[in-house]
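Novice: Sending over a structure as structure tokens; questions will come in a sec.
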Amino acid sequence: MNIVFAGTPEFALPCLNAVAESSHRLTGVLTQPDRPAGRGRKLATSPVKQRALELGVPVQQPLSLKKDDAFEDLAALEPDLMVVVAYGLLLPKKVLALPRYGCINVHASLLPRWRGAAPIARAILAGDSESGVTLMQMNAGLDTGPMLARRAVEIGSDTTAGELHDRLAELGAAELSALLGRVEQGVTGESQDDAQACYARRLDKGEAAIDWRLRADEIARAVRAFVPWPVAHARLGGQPIRFWRAGTAPTSAGASAEPGTVVAASPKGIDIATGAGTLRVTELQLPGKKRMDAAAAVNGRAWVGQRFE
């Protein structure tokens, strides 16, 4: 079976490797075009492109798959199946219909919950107790196709989006490996219940500014959801402070303080009053500094009484 893989970020790499290591033929890889990145704005290749070049697999980087030349280039790879993982471009109907066995997508949520661009962060922000991966037969809708496989994992009380991302990437690859062995025999998907669907809109940098009027548990979830990007932050004395680890503090010290006020500071954490409850920050980043734990942050610094904006 000829397989064409379409993906772009690091999340897609375990699945790309799973296809490359299977008994099937990886005839080509589609990934997004090189784009400027970093302070120097130099053109950067995607993680998927870098891995495909290492594997010696032909790479295509169309701006859109709606154009005839891009479709013809894809058709020349003679795909029996397309595997799509965080590709970032919409597949037109004629592309979906091209492979004999269609197009299979690996999505980082338990569909139909969290269709869309940022399912991992949205699950943590919402306080979900579990997440997972869903493999589906793609159709013209946004993550609406029949489900071919589904596997759940627990979201721990201190799990960050980055940690969950890595777990789901590996889980998706394992489920994909198992599914590839059954595709040619025929697989039947389970229809999604649209009434249970919700959408994971793309993260916006502005969301990461902490609103101290929220409850402590809501802010703690935001800190976890925004690691590694865009990272929750607030200003103290006009300077930006980034928060990498936080939870709720087992204390009522902040009950009468103005939200955003530091009410306690020790090597265990920096406790900050919120709209309800107290947030305990255990890892943060000061301007021009590397990430540090609370013990390093409180050493030689006066925190209590200061107020975050």
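A Cβ is built for glycine as well, from the same backbone N, Cα and C atoms used for every other residue.
Residues or ranges marked as (6S)-5,6,7,8-tetrahydrofolate binding site in TrEMBL: SER109, LEU110, LEU111, PRO112. Residues or ranges marked as domain 'Formyl transferase N-terminal' in TrEMBL: 1-175. What TrEMBL records for 203-301 is domain 'Formyl transferase C-terminal'.
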Novice: Any same-chain residues 6+ apart from SER109 ((6S)-5,6,7,8-tetrahydrofolate binding site) with CB under 8 Å of its CB? Would you list them in sequence order, or say none?
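Specialist: Long-range Cβ contacts: ARG115, PRO119, ILE120, ALA123, SER131, GLY132, VAL133, THR134, ALA200.
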Novice: Of these binding-site residues, LEU110, LEU111, which scores lowest on Cβ atoms within 10 Å?
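Specialist: Across LEU110, LEU111, these binding-site residues, the one with fewest Cβ atoms within 10 Å is LEU110.
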Novice: Within 10 Å of the Cβ of PRO112 ((6S)-5,6,7,8-tetrahydrofolate binding site), how many other Cβ atoms are there?
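Specialist: Other Cβ atoms within 10 Å of PRO112 ((6S)-5,6,7,8-tetrahydrofolate binding site): 20.
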Novice: Please classify the secondary structure at LEU111 ((6S)-5,6,7,8-tetrahydrofolate binding site) using three-state DSSP.
Specialist: coil
Novice: Could you name the residues, excluding SER109, LEU110, LEU111, PRO112, of the same chain that surround the (6S)-5,6,7,8-tetrahydrofolate site, i.e. Cβ within 8 Å of the Cβ centre of those residues, in sequence order?
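Specialist: Going along the sequence, the neighbours come out as HIS107, ARG113, TRP114, ARG115, PRO119, GLY132, THR134, ASP143, ARG150, GLN192, ALA197.
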Novice: Residue counts in helix (H, G, I), strand (E, B) and coil for the domain 'Formyl transferase C-terminal' (203-301), per DSSP?
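Specialist: Taking each residue of the domain 'Formyl transferase C-terminal' (203-301) in turn, the totals are 19 helix, 39 strand, 41 coil.
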